[in-house]
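Q: Quick one: the structure is below, and I'll ask about it shortly.
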Amino acid sequence: MSSGHGINGGVGRCYPFFAEFKECLKTEKLITLDDGTRKWKNDCWTVREDYFECLHAKKEWAMVRRVNEEEKRQAAIAAGQH
């Protein structure tokens, strides 16, 4: 995946997300603020989330399940079943 080559040649579907994540990590570092709290300079977490969603599609599949459940519920109501 990180090579950039897709299964059928060309660029892999998630490679652009990986490349963005890799670039973010190059400049990521932990900084200490004036009040003593620490935080990441660049918030690469959101970029990482996008990359992992592309790889695993967990949020997409969760949405599909919710839509299917709602369709079943609506069909049961229309059929007069509760």
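Yeah, the Cβs are placed from backbone N, Cα and C, and that goes for glycine too.
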Q: Which one, Cys14, Cys24, is listed by TrEMBL as the other cysteine in the disulfide with Cys44?
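A: Out of the candidates Cys14, Cys24, the one TrEMBL links to Cys44 is Cys24.
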Q: Which residues in the same chain, at least 6 apart in sequence, have a Cβ under 8 Å from the Cβ of Cys24 (disulfide bond)?
A: Asn42, Cys44, Val47
Q: List, in sequence order, the same-chain residues at least six positions removed whose CB sits under 8 Å from that of Cys54 (disulfide bond)?
A: Arg13, Cys14, Phe17
Q: Return the count of C-beta atoms lying within 10 angstroms of the C-beta of Cys44 (disulfide bond), excluding that atom itself.
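A: Summing over all protein chains shown, Cys44 (disulfide bond) has 19 other Cβ atoms within 10 Å.
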